[in-house]
Amino acid sequence: MTNMDSSEPGSLDQVKHVVLVLSGKGGVGKSTITTELALALRHSGHKVGILDVDLCGPSIPRMLSVGKPEVHQCDAGWVPVYADPQQQLALMSIGFLMEDPDEAVVWRGPKKTALIGQFVSDVAWGELDVLLVDTPPGTSDEHLAVLENLRKHKVDGAVLVTTPQAVSTGDVRREITFCKKTDVKILGIVENMSGFVCPHCSECSNIFSKGGGEELAKLTGSVFLGSVPLDPLLTASLEEGRDFLQAFPQSSTYTAISDIAKTLLSSLES
């Protein structure tokens with residue numbers, strides 16, 4: 001793959017909304033929330049893209065069961081990989097560029113920054129209603145590179161993902177500070193792994209704690225988008241690359257994810 005000519009038209013010119021998915025902590029389920037939000041938006045009739053810039057842990061290709069296809073180029077840049085036959089859900093990830101899926105990305109900051117720059121400017125997304133950008137944990141080079149490269153385009157804001165525990169919300173509080181320092185609007189907070197849904201009786205038990213995300217939203221004056229429980233059916237679907245929302249439309253987890261997507265979309269369109 002080669003760098004595209006800088007005279008090429010901007011690859012985000014036809015993208016209506018750009019949303020970052022952030023968290024100050026790893027393991028809170030940013031990729032899960034990104035994937036399920038994308039599926040929920042697609043099911044509601046929207047064209048969606050996912051830009052996976054979690055360079056050291058690109059898990060979304062597996063979650064969407066797209067494997068490792070060859071990435072092609074057209075005049076406008078790299079052609080994204082589509083996760084559905086209707087080409088309503090587009091994806092670009094470093095996972096497509098690695099020769100060996102078990103290979104570690106041992107890169108210094110400048111190389112990561114250069115690839116993120118290419119990902120932002122050289123992917124031919126075409127017309128999209130929403131582009132979700134899945135980021136690594138923290139407030140590091142990758143985040144600054146994403147923001148610097150997106151500055152020429154409109155960034156609507158960020159969705160912050162946390163789990164209920166204080167140790168997680170504390171890290172997300174730092175992410176809120178990062179957003180304020182970099183002038184990124186906080187579109188809302190999602191509390192993931194909020195209780196455990198029993199696969200037999202569907203009762204939800206608070207095995208960690210509950211309400212940390214909502215409390216954090218109140219303390220920081222942010223919108224609380226909603227809670228997503230720890231659901232074995234969702235976990236299995238992500239592991240197998242199946243569309244959870246299509247398979248389990250009667251579940252409370254389906255309702256939670258759909259409501260978050262609707263609230264986010266309303267915020268973007270208002």
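Cβ coordinates are placed from backbone N, Cα and C, and glycine is handled just like the others.
Automatic, uncurated: that is what TrEMBL annotation is.
Since the structure is predicted, the reported quantities are computational estimates derived from the model, not experimental observations.
Among the features that TrEMBL reports, ATP binding site is placed at Gly24, Lys25, Gly26, Gly27, Val28, Gly29, Lys30, Ser31. What TrEMBL records for Cys198, Cys201 is [4Fe-4S] cluster binding site.
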Quiz item: Which one of these binding-site residues, Lys25, Lys30, has the sparsest Cβ neighbourhood, judged by other Cβ atoms within 10 angstroms?
Solution: Lys25
Exercise. Identify all same-chain residues not among Gly24, Lys25, Gly26, Gly27, Val28, Gly29, Lys30, Ser31 whose C-beta atom falls within 8 angstroms of the centroid of the ATP site's C-beta atoms; report them in sequence order.
Key: Ser23, Pro137, Val161, Thr163
Practice problem: Check the binding-site residues Gly24, Gly26 for other C-beta atoms within 10 angstroms of each C-beta and report the one with the most. | Solution: Gly24
Quiz item: Here are the binding-site residues: Val28, Cys198, Cys201. Which has the lowest count of other Cβ atoms within 10 Å?
Solution: Cys201
Exercise. Drop a 10 Å sphere on every Cβ of the binding-site residues Gly27, Gly29 and tell me which sphere holds the fewest other Cβ atoms.
Key: Gly27
Practice problem: Write out the long-range same-chain contacts of Ser31 (ATP binding site), meaning residues 6 or more apart in sequence whose Cβ is under 8 Å from its Cβ. | Solution: Asp52, Asp54, Gly57, Ser59, Ile60, Met63, Asp134
